[in-house]
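Asks: Pasting the feature list from TrEMBL:
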| type | residues | note |
| --- | --- | --- |
| BINDING | N59, Y62, E63, C117, T152, N200, R205, S216, I217, K218 | Mo-molybdopterin binding site |
| DOMAIN | 80-234 | domain 'Oxidoreductase molybdopterin-binding' |
Amino acid sequence: MAHRWRNDLTHEDVTPRTAWLNRRQIIGGLAGAGLAAMVGPGRAETLEPNSWEEITSYNNFYEFGTGKSDPAENAGALTTRPWTVRIDGMVDRPGDYDFDTIMRKMTMEERIYRFRCVETWSMVVPWNGFELADLLDLAGVQDGARYVAFETLFRPTEMPGQRLPILDWPYVEGLRLDEARHPLTIMATGIYGKPLPNQNGAPLRLVVPWKYGFKSIKSVVRITLTDTQPPTTWNTIGPDEYGFYANVNPNVDHPRWSQATERRIGGGLFSRRKPTLMFNGYEAEVASLYEGMDLKKNY
Ligand SMILES: Nc1nc2c(c(=O)[nH]1)N[C@H]1C(S)=C(S)[C@@H](COP(=O)(O)O)O[C@H]1N2
Ligand SMILES: [Mo]
């Protein structure tokens, strides 16, 4: 494995609320009273990001192979300009949106988020990007829309994994509309202030920090608003193992392994596993989305 182990993460990570709760949200009240209440003393601690090297060399991107170092090795050849995102379905302004035009219209922010893969490894990533809600507003979501479906580029000439029947291509994902509109949900276009590397899903990928990593679909070319729950790649392949919701939950084990703890990449080979946090540490922000739902059934 190409991954280089480091031993530089020594203290516990707690979300710095102010890192993602930006001025616009606080002043404009966009996030509402619930989020404003979370900016309080004692909650803004240091969340130490993983290194650029770690974030860009240990990846899951099966379009480029199933090994953790395959994406870094093979994704360089992916052409990411021009790039359009088709936004269609239940929207007022369907069409092909040019990536660079989107970038000019969106408010760019840095969000330092925990990232937890269903395989039990985790990282902390300093993303750059914009709120998905703003992109949805650009297209104008119609009444009656309840879900958002996402699709990754299908281009086997540049994505060698797509020439093999590893997954049902293209990779697809989905969110409930309220999850998609949540202020924590972003489209990432960069890391550490640099454009998103191809292996991390260039030029833009979804990031939903309270869900397992497989929900955070890479290299998105299509976003469709629908009134029915869309099919999602891992759920289609293994419905008993990977649900539609895929919320990080230490109390609901994967059928083949525990989800109670995780291994922080870069923590060193012999570092202690750390407890996995409910909703990956974003419980205060997102638990209300799932009020009354049985999280064991809706895994
Ligand atoms: N299109 C696509 N998106 C994808 C994947 C993939 O194989 N193809 N892997 C997912 C999984 S399982 C994880 S953990 C994250 C990994 O993101 P990272 O490599 O940037 O850490 O991407 C997700 N998005
Ligand atoms: Mo994952």
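Cβ coordinates are placed from backbone N, Cα and C, and glycine is handled just like the others.
TrEMBL labels come from automatic prediction, so no person has curated them.
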Asks: For E63 (Mo-molybdopterin binding site), what is the secondary structure state per DSSP, taken as helix, strand or coil?
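Replies: DSSP call for E63 (Mo-molybdopterin binding site): helix.
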Asks: Using DSSP and three states only, what is I217 (Mo-molybdopterin binding site)?
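Replies: The three-state answer is coil.
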Asks: For the domain 'Oxidoreductase molybdopterin-binding' (80-234), would you mind checking the mean pLDDT of the predicted model?
Replies: 98
Asks: Using a 10 Å radius around its CB, how many other CB atoms surround I217 (Mo-molybdopterin binding site)?
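Replies: So the number of other Cβ atoms within 10 Å of I217 (Mo-molybdopterin binding site) is 23.
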Asks: Give the sequence-ordered list of residues that share a chain with N59 (Mo-molybdopterin binding site), lie 6 or more positions from it, and have CB atoms under 8 Å from its CB.
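Replies: Listed in sequence order: K68, S69, D70, P71, A72, Q199, N200.
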Asks: Given a separation of at least six residues and a C-beta threshold under 8 Å, show me what packs close to R205 (Mo-molybdopterin binding site) in the same chain.
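Replies: Residues satisfying the criterion: M187, A188, L196, S216, I217, K218, S219, V220.
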